[in-house]
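Below is one structure, written out as structure tokens, with a few remarks after it.
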């Protein structure tokens, strides 16, 4: 009878007590803490991802054994009960993480990766607004040029060129929405922004056809070129998740403002009409 009682006590000591929790993480997290609370852990603490060891901490010798795939892993605290795991984003993999001690007490956390938007909603909305207004102003610029001069080969080239720019940027807008960080959305953003350099060519063509090339026009063109440079720099800094798109927006906004100035100059400053046959 005494042996039976001792055996029951021994089995109860090593009973597996499991608690499960689900948490999410995104690419915006530099480090991730996976919580684990074990009251009075005994000899060692072991963390696993599915069936693979990540970290083993020996309380007696104060030593830690790490997996070569999770070199940034460490215990968040060495207190008696808080044995949460902290790792850098580069070492994190989605899956089931388990912490436990030698008594069989286990705490299970299911880690799920949640994909976030590339840019926040406010910045995404401004990108579409700036691009849309710029294309509308381009259409007005070409339309005004078309009704101001007699049709010619050069005017036909301007019209076709403007249509190609508009088609590329509109296709890019469809690919970019919604602003997730995938290959499709990266291509969409490139198609929305990079063709802006050709707006300078259309502007020069329009002013040349209307005989309005002057110092003021050169200033507008330089201003638009500065906006394009800001756009390219902002685009280069934005080719990763969870970034601030302020510089990119500044470039797109500058291009939009230069289109406003260009259209006003075309309309408000008269010149001698040139006819082409």
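Including glycine, each Cβ sits where the backbone N, Cα and C put it.
Database features (Swiss-Prot):
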{"type": "CARBOHYD", "residues": "29", "note": "N-linked glycosylation site"}
{"type": "CARBOHYD", "residues": "58", "note": "N-linked glycosylation site"}
{"type": "TRANSMEM", "residues": "124-144", "note": "transmembrane segment"}
{"type": "TRANSMEM", "residues": "156-176", "note": "transmembrane segment"}
{"type": "TRANSMEM", "residues": "186-206", "note": "transmembrane segment"}
{"type": "TRANSMEM", "residues": "219-239", "note": "transmembrane segment"}
{"type": "TRANSMEM", "residues": "247-267", "note": "transmembrane segment"}
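In the three-state DSSP assignment, the secondary structure recorded for residue 29 (N-linked glycosylation site) is coil. When each of the listed stretches 124-144, 186-206, 219-239 is scored by C-beta pairs under 8 angstroms to the transmembrane segment (247-267), 219-239 comes out highest. Of the Cβ pairs linking the transmembrane segment (124-144) with the transmembrane segment (186-206) and spaced 6 or more residues apart, 3 or more are under 8 Å, so the two regions touch. Here the transmembrane segment (186-206) has Cβ contacts under 8 Å with residues 118, 127, 131, 134, 138, 141-142, 144-145, 154, 157-158, 161-162, 165, 168-169, 171-177, 179, 213, 217, 220-221, 224-225, 227-228, 231-232, 235, 238-239, 248, 251-252, 255, 259, 262, 266 of the same chain, all six or more residues outside its ends. Listed by sequence, the residues of this chain that lie at least six past the ends of the transmembrane segment (219-239) yet keep a Cβ under 8 A from its Cβ atoms are 118-119, 186, 189-190, 193-194, 196-197, 199-200, 203-204, 245-255, 257-259, 261-262, 265. The distance from the Cα of residue 29 (N-linked glycosylation site) to the Cα of residue 58 (N-linked glycosylation site) comes to 29 Å.
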